[in-house]
Amino acid sequence: MAQCILKIALDTPLNAVFDYRWEGEDGALPQVGQLALVPFARREVVGLIVGLAEHSDVPVEKLKDALAVRGQLSPLTAEWLALAGFAADYYQRPLGEVALPGIPKNLRVLTTVALDRAIKKLGKLEDKHDHTPLNMPALNAEQQAAADHIGGALGYQPALLYGVTGSGKTEVYLQACAQVLAREPEGQILILVPEINLTPQLEGNIRARFPGVMLATLHSSLSEGERMLHWLAAHQGRARIVLGTRLAVLASLPRLKLIVIDEEHDPSYKQQEGLRYSARDLAVWRAWQLKIPIVLGSATPSLESWHHAQGGRYRKLELRERAVKSAVLPKVKLIDMERDKPRDGLTSQLVAALKLRMERGEQSLLFLNRRGYAPVICCESCGWISDCKRCTSFMVLHKPEHRLRCHHCSLEMRIPRHCPTCGNIDLQPVGRGTQRVEEGLQALFPEARILRIDADSTRKKGSAQEAFDTVHRGEVDILVGTQMVAKGHDFKKLTLVGIMNPDTALFSQDYRASERLFAQLMQVAGRAGRAAQVEGGSPAEVLIQTRYTQHPLYSAVVNHDYDHFASALLAERKQAALPPYLFQALLRAEAPELATAIEFLTLARDCRQWEGVTLNDPIPMTMTRVHNVDRAQLLVESASRPVLQAFLKEWMQALRDTKTRVKWSLEVDPLDI
Ligand code: ADP
Ligand code: ZN
Ligand code: ZN
């Protein structure tokens, strides 16, 4: 009989690994990295075996027996456990809370019989179709150099692929992948994209290039059954390429040889709830741990990555030109809204440019990062406005749905017929969202085929893909959209991008706002002019409507000048002692009353002092109240990452031991403060 103590991590907020007794019938002991079924708090749950021991510090009569081990799954590797361990440590969370959600739910909840049946289905993922690999197009010299560098790299070699929009970064990734797949007969590759809507485009490209190579995808819109199959394909090493959004960074990949992160600057690589991790940063750690190459691609790298490239920690690979011959970067122009007063949000110059594209049969894109019809409605006679009863925000008018909606707590109501305060029946929308722009355009161009793409228009599963396909087929004249359309898409027929009103972001108190706005404008501008220009035609155009034509951020966009802009921002950050020259963590607290949250944070601030760590005063969050809960925050800063980490570890222990009804959480390397 085989006996031992199993150390098991469970998905609980308690910062502990639990001991269980194991008594097996046959001689074999369970292995570290296997899943085990155990009794916990009057339930049976699946946990992860992270250690085996002969003795336990827990008195023997208090120990419970582990019930079963999921023997049909090969154990997670030591490297994977180390990755989960690192993430748990770095982000100050219990190991179980990091490791277990990283494993598909079905592997934890299915019965043994159901699990066995599911595993048999794995072969289904194999790409068994009729096709020959599509030829790789000949790369230009810069692309070739980049692909060879990435594909030929051995050991930990982080590279920043800095290439203008349309420079063919995807092609570089694909050809580097081809080299790695050829060299490593069993090797696996992880490719991360920021946005789920970008997976079908890349998935199609990969399948066409590598027929017979099993591809697994991991993103949030898979069913639990699909997620388990794809995860298993990666875990068993059968899927050679895994393509996914940020959560895929924690996939089990026992033979990982290359990591690709497309659009590495994108904020959606940051998880904004629960374990608030940066998939990009974890991926870099993973590459370092496994001693494998990693490539971070972007036309507008994050200042963190740019800083590393400037300092030599990342190798900079540059693509200066668009890949398609004679597809040149669009001409960016500013339209002064003080002179050319907009009607229905559109200046006469933008209307003229749209008209010209209609006549030529080309596509236009209007970019406005605000969904709904109008951000607020108001009563002009008494001043009532549609604020949310539960949040420090407004109820947004959604005209097609005849509703007011709060985008923060999801409160919904019918549009009131008259003012709730004075009875006035003439309530007015204030400001403009994508729905209102769409309506205005349709009145202006009755014959135009107009399509709006935003989170509202693409709620149904598959509808986003359908919408993007419609654009690619050329069945749309004017596309109206939010940041969903700004990223990554290779729209071939688009020759005009109109940016409606980006000014509000110029004066945000968030120090990252200008970095973000710049990246967003460059990205959306980069959707224009991606096909070869017609003989004698004029270049594609980007028109930005603004009241601040002299602002340096816009000059940088006009000149497509990321380099100088990034250097200027970095110099500012250095002078003001901000990231990447400083390391931060944010403690947040939530309570029904603001004072309670502030009180808790004040206590937290005063409970520890640490050399080299600054604890700022607690303040209410900018959006203080959400869903009837008040929120406050405390910013912690240090010039040294290890010092900050050491402090956080002790501090978190102290806070966990504090009895409080306040809900609190910590975010390391916060993006929004
Ligand atoms: P990026 O991701 O850098 O914005 P893409 O990878 O979408 O750019 O490439 C832009 C376009 O250029 C795509 O249509 C792609 O097929 C094409 N392309 C890329 N490399 C080449 C090449 N070497 N020759 C011809 N066309 C290319
Ligand atoms: Zn009123
Ligand atoms: Zn609300």
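A Cβ is built for glycine as well, from the same backbone N, Cα and C atoms used for every other residue.
Taken from TrEMBL, the feature Zn(2+) 1 binding site covers CYS379, CYS382, CYS419, CYS422. Annotation comment: TrEMBL describes CYS388, CYS391, CYS406, CYS409 as Zn(2+) 2 binding site. Feature annotation from TrEMBL assigns domain 'Helicase ATP-binding' to 150-319.
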Can you give the mean pLDDT for the domain 'Helicase ATP-binding' (150-319), rounded to a whole number?
95
Select the most exposed residue of CYS379, CYS382, CYS388, CYS391, CYS419, where exposure means the fewest other Cβ atoms within 10 Å, treating these as the binding-site residues.
CYS382
Can you tell me which of these binding-site residues sit near ligand 3, meaning the Cβ is under 6 Å from at least one of its atoms: CYS379, CYS382, CYS419, CYS422?
none
Using CB under 6 Å from any atom of ligand 2, narrow the binding-site residues CYS388, CYS391, CYS406, CYS409 to the ones that qualify.
none
In angstrom units, rounded to an integer, how far apart are the Cα atoms of CYS419 (Zn(2+) 1 binding site) and CYS388 (Zn(2+) 2 binding site)?
15
Tell me the Cα distance separating CYS422 (Zn(2+) 1 binding site) from CYS406 (Zn(2+) 2 binding site), rounded to the nearest angstrom.
23
Between CYS409, CYS422, which of the binding-site residues has the fewest other CB atoms within 10 angstroms in the structure shown?
CYS422
CYS406 (Zn(2+) 2 binding site) CB neighbourhood, other CB atoms within 10 A:
21
Within 10 angstroms of CYS409 (Zn(2+) 2 binding site), Cα basis - binding-site residues out of CYS379, CYS382, CYS422:
none
Determine, to the nearest whole angstrom, how far the Cα atom of CYS382 (Zn(2+) 1 binding site) is from the Cα atom of CYS391 (Zn(2+) 2 binding site).
22
I want the residues beyond CYS388, CYS391, CYS406, CYS409 whose C-beta is within 8 angstroms of the mean position of the Zn(2+) 2 site's C-beta atoms, in chain order.
LYS389, ARG390, SER393, MET395, HIS407, HIS408, SER410, LEU411, VAL626, HIS627
Please report the Cα separation of CYS379 (Zn(2+) 1 binding site) and CYS388 (Zn(2+) 2 binding site) in Å, rounded to an integer.
15
